[in-house]
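Let me begin by presenting the structure, written as structure tokens, before commenting on it.
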């Protein structure tokens, strides 16, 4: 990317949306459905555990608060990307490209950091999505183990170590992820969506049986567990990685962040559903709430066992979709090293990354703290800190760019501080829990 001249920027008539040439643009409804699919992941199953760490009523309020902050940060990222598209006269920008363009078109002192900004966004996306892949391996193994243990009570195969189940997944993971074309992964995505929908429906059936009184649960558990709540909640709610590709492919991109807009509608539904599952999951199981709500379902009922296996298969298929993006980012940056042996190199890198995610999962089989750690480390930066910095740099030297009394600057300083506080405390508590072996 080149530094745009101010004479080019002076063309106020340039409308980036008119210059987007899309073979198959998506309607508002299509984009809303994709946003829901991208945001409604395995994190929803961990929300009752988040409420366990926050309390019944504090967790409810805090989930909507964090959801509102995350949605606002997506707003400022998309709004800033639109402004930068107009400045550099480019039809669309991805997340990492937006960071690079912001530093190139910002104050001269920050131009030299543009490539670093792009690399930071890309690498945090890679770490986040590979971290999710590690969580998925632990999740699938735990659910399968629970079902197998029930049917092997009186045999030598009872209570096989969790790590053995993880290793057994390796050949299947390698086979699935040798598919390099998203088109071939689409049927697995559809199957995963059907399985998750069915599994969640049966889970709700169990949640609403014999519900205890709300007075039997703590309204607020105490400040010492809030960092874990933050990490888990932001892991569940933050779908920022899918936002820019969706917005860039819309037929009417101005509807994405309008009022009510696709983003507001989708995130309101997502946050409400997550709060609903968290509230009733913790209300039902209390102090016995597991790191995934499926692990609380009855072990001795076929219906409960079927949910565990359905969700395990769905998350297994979702691994391939999550793996696709970090592999694309890594491959684009290293493909020029391999000359004529590109195919062999790409397959080798794929297998090496899969083995790496498996080794990390084997090293950290504590599902709850692992989820919180990934959320606190990666999504604090991607969801809160980076969008705030990008907006500040973009409007820093523009007339009244930071608003009256520099309120945009003060607001972004608060968001960055909030993100750093969540990152430090969430990572610290999660690492302590992992060391102590708590789940």
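These residue numbers are counts, starting from 1, taken along the chain as shown.
Cβ atoms are placed via backbone N, Cα and C, with glycine included.
Record features (TrEMBL):
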DOMAIN    25-431  domain 'Amino acid transporter transmembrane'
TRANSMEM  56-78  transmembrane segment
TRANSMEM  121-140  transmembrane segment
TRANSMEM  160-179  transmembrane segment
TRANSMEM  191-208  transmembrane segment
TRANSMEM  228-246  transmembrane segment
TRANSMEM  258-283  transmembrane segment
TRANSMEM  303-326  transmembrane segment
TRANSMEM  347-364  transmembrane segment
TRANSMEM  370-396  transmembrane segment
TRANSMEM  408-431  transmembrane segment
Residues from the same chain, set at least six apart from the ends of the transmembrane segment (347-364), whose C-beta lies under 8 A from its own: 130, 133-135, 137-138, 141, 163, 166-167, 169-170, 173-174, 177-178, 323, 326-327, 330-331, 334, 370, 434
Which of 121-140, 160-179, 303-326, 408-431 contacts the transmembrane segment (191-208) most, counting Cβ pairs under 8 Å: 303-326
Residue numbers, six or more beyond the limits of the transmembrane segment (160-179), whose CB comes under 8 Å of its CB atoms: 137-138, 140-142, 144-145, 148, 185, 188, 316-317, 319-320, 323, 327, 347, 350-351, 354-355, 358, 361-362, 365
Cβ contacts under 8 Å made by the transmembrane segment (303-326) with residues that lie 6+ beyond its boundaries: 41-42, 45, 125-126, 129-130, 132-133, 136-137, 139-140, 143-144, 146-147, 150, 169, 172-173, 176-177, 179, 182, 185, 188-189, 191-193, 195-196, 198-199, 202-203, 205-206, 241, 294-295, 297, 353-354, 357
